[in-house]
């Protein structure tokens, strides 16, 4: 089904262009739906990263992924929220379990060889995170966002789905929220 991590290294030794990944993991109000972009220093992802970080707006505050305060993952990763943050409990899930889960998924992707360690200082990642207003279980938020981020990174690096895979599903696709 998916290319093994070691094979990814043979396919992509250098990240020279922007790549896109997506993953949906979990269920209920803690469901994680991750969209992300990965790109090289000097590219459009870096420009979007800097612009987003410099221009927060009410209910949408970009934040750096951190393993813990003062420890960012490498590649440097920016988290943006898909849903307007309306209350303190929703903010606490974003600025806590989701933030840490994304950072851990990025570092595990480097450790697993999915993201090239030798380029970690020259890659930027933007991760769009969904935290539903009714989400409450911080452990599920962490688990689902960790798994979804890892899967989205792998899909981006593998170029998945391929055009052929998307064409094969176009008439039978079943979106869980449609």
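Glycine is no exception: its Cβ is also placed from the backbone N, Cα and C atoms.
If you take the C-beta of residue 33 (active site, proton donor) and look for same-chain residues 6 or more apart in sequence within under 8 angstroms, you find 22, 23, 24, 82, 130, 148. Feature annotation from Swiss-Prot assigns active site, proton donor to 33.
The 10 Å shell around the Cβ of residue 99 (substrate binding site) contains 23 further Cβ atoms across the protein chains shown. Annotation source Swiss-Prot lists substrate binding site at 35, 64, 82, 84, 99, citing similarity to another entry.
Neighbour count (other Cβ atoms within 10 Å of the Cβ, all protein chains): 19 for residue 35 (substrate binding site). Around residue 82 (substrate binding site), taking its Cβ as the centre, 13 other Cβ atoms fall within 10 Å, counting all chains.
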